[in-house]
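The carbamoyl phosphate binding site feature in Swiss-Prot is assigned to Arg58, Thr59, Arg108, His136, Gln139, Gly264, Pro265; the stated evidence is sequence analysis. Annotation source Swiss-Prot lists L-aspartate binding site at Lys86, Arg169, Arg223.
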Amino acid sequence: MTLRARHLLGIEHLAPDEIVTLLDLADRYADLNRRPDKHGDALDGLTQINMFFENSTRTQASFEIAGKRLGADVMNMEVRASSIKKGETLIDTAMTLNAMHPDLLVVRHPHSGAVNLLAEKVNCAVLNAGDGRHEHPTQALLDALTIRRAKGKLHRLNVAICGDIAHSRVARSNILLLGKMENRIRLVGPRTLMPAEIAELGVEVYEDMKAGLDGVDVVMMLRLQKERMDGGFIPSEREYYHRYGLDAEKLAYAKPDAIVMHPGPMNRGVEIDGTLADDINRSVIQEQVEMGVAVRMAAMDLLARNLRAAREGVRA
């Protein structure tokens, strides 16, 4: 049970059977994490460096907890205080880190493709923790695990992804993963927040929220990424919530057992009604956070197996 590639850079590189392999292992780690003794030894003796060029308390903490629960020596690199702020290039940084012989490198970067570039320059396993608008593979995997545990399957479901699609690497990774697993995907939101390459995605597009949610099994809301907008994308937050914010009235168009998701952090009263976000009968938002640790444990475990096998092969 392993992955074919040395790195986890995107969902686009994973085959359906690899997705299932990773989710099956993550399922076991999710159960382990609910026990009093949560620790495993899959990463014993390995060094994990978390290097985040964008702030992300949630994702960084999730990767740190995942690594420590499996026995890794975890270091969080403070990019703001590093040589990068003094003019060092990404390649210089990669080569410097490589000389220290880390085993796992977790990277988040504001530019699409930066993590792939870094992966070409190091000998360790690299995990993409989000790069620009490109991909966020572990978020899509944790969303998939959350869906599978809630619905009992991960195929032939109707999934609505709603909101700021254009600026969302989460949306792109989820579209790729859910498509590989034979689900029907709808994108719901204003035209100004739809990606230019929408015709290539193989999805249905709705500008009307109620029509887009009609009969769906899963409602996945996205954060309005105001920091990536120059203005003009939406008239106002109040108008956006009126048309595209998820509330009980709009959710009533989905199936009665439809689940509500959000990758966080949430803008309550903008993307989603706060009461609905906290509704334990419909919302699985806290389960997403929980599954994030399990998925990252599974991903690092599988990559570590490849790393150790490769090193054993060299020694042989």
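Sequential numbering from 1, following the chain as shown.
Even glycines carry a Cβ here, placed using N, Cα and C.
Taking the features listed in Swiss-Prot, we show where each one sits on the structure.
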residue	record	CB count, 10 Å
Arg58	carbamoyl phosphate binding site	12
Thr59	carbamoyl phosphate binding site	23
Arg108	carbamoyl phosphate binding site	24
His136	carbamoyl phosphate binding site	27
Gln139	carbamoyl phosphate binding site	26
Arg169	L-aspartate binding site	22
Arg223	L-aspartate binding site	19
Gly264	carbamoyl phosphate binding site	16
Pro265	carbamoyl phosphate binding site	10
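Closest to Arg223 (L-aspartate binding site) by Cα-Cα distance, out of the binding-site residues Thr59, Arg108, His136, Gln139, Pro265, is Pro265.
Cα separation, Arg108 (carbamoyl phosphate binding site) to Arg169 (L-aspartate binding site), rounded: 12 Å. Taking the centre of the Cβ atoms of Arg58, Thr59, Arg108, His136, Gln139, Gly264, Pro265 as the carbamoyl phosphate site, the nearby residues of that chain (Cβ within 8 Å, site residues left out) are Ser56, Ser62, Ala129, Gly130, Val170, Pro263. Distance between Cα atoms for Arg58 (carbamoyl phosphate binding site) and Arg169 (L-aspartate binding site): 16 Å, as a whole number. The binding-site residues listed here (Thr59, His136, Gly264, Pro265) include His136 as those with a Cα within 10 A of the Cα of Arg169 (L-aspartate binding site).
DSSP classifies Arg108 (carbamoyl phosphate binding site) as strand under the three-state reduction.
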